[in-house]
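Student: Attaching a single structure in structure tokens format; questions to follow.
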Amino acid sequence: MARQWTNITRDEESGLPTMLVQAIAAAGVLCVGEIICAPMFAGMAQNRFALAPWAAVACLLAVAFTYTVGFALLWCVESLGNRLRPSLMPVAYGVAGLLGFTIWGCAVFTAFINSMLTPLGLAELSNSQVILIGVNCAALGFAAFFLGSIAPRMLSRRKGAVIAIGVLTLVLTIFGAFALAKVYGALY
């Protein structure tokens, strides 16, 4: 019988939905990557960003991507990748993450950074800085979705770890939303 698009693939032991575990793992990888890359973004903003609040805002943007657009990309790859060899599926997921997060980074990250720089009377990001953001987001997107695609094999049986990673990404997102609200409250 053909598999319907409404069927949810679950881990046999834990019962966790595979795609949910993939999204949580990808969000965790993106948060770690954004925290590591926070000094680069602060440098692009002429060192006007405090590292911890910017890292939290970057996590907010990364988690928002993963739990919305990224979830749709995971579903598309799973739905359209049924003709690929199983060994190529992690690469297909990685390419989807690369493309999606690159576009998200060039559009959303640059818009947020410019919206904070402009009220301060500072120059907006240059084209080379936007390209650097795109390259950074491409690498992070590929790594996150590649690792997210292989994570269910390791994480599905550890329900507590999946819940902890999911809660941690949401806590970082809440801190990022708080920091963003405070910054915009001061700027506007």
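Note that Cβ sites are derived from N, Cα and C of the backbone, with glycine treated the same way.
Remember, predicted model here, so these are calculated numbers, not experimental data.
Annotations for this protein, taken from TrEMBL, read as follows:
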type     : residues : note
TRANSMEM : 20-42    : transmembrane segment
TRANSMEM : 54-76    : transmembrane segment
TRANSMEM : 88-117   : transmembrane segment
TRANSMEM : 129-148  : transmembrane segment
TRANSMEM : 160-181  : transmembrane segment
Student: Could you pull out which residues elsewhere in the chain have a CB under 8 Å from any CB of the transmembrane segment (129-148), counting only those six or more residues past its ends?
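Tutor: Cβ under 8 Å, 6 or more out: 22-23, 25-27, 29-30, 33-34, 37, 40-41, 44, 62, 66, 70, 73-74, 90-91, 93-102, 104-106, 109-110.
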Student: State the non-local partners of the transmembrane segment (54-76) in its own chain: residues 6+ outside its ends, Cβ under 8 Å from one of its Cβ atoms.
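Tutor: Same-chain residues near the transmembrane segment (54-76) but 6 or more away: 19, 22-23, 26-27, 30-31, 33-35, 37-38, 41-42, 45, 93, 96-97, 100-101, 104, 108-109, 112, 140, 144-145, 148, 169-170, 172-173, 175-180, 183.
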Student: Under an 8 Å Cβ to Cβ limit, what residues of the same chain, 6 or more beyond the ends of the transmembrane segment (88-117), are close to it?
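Tutor: For the transmembrane segment (88-117), the sequence-distant neighbours (Cβ-Cβ under 8 Å, at least 6 residues beyond its ends) are 22, 26, 30, 41, 44-46, 48-49, 57-58, 61-62, 65, 69-70, 73-74, 76-77, 81, 123-125, 130, 133-134, 136-146, 148-150, 180, 183-184, 187.
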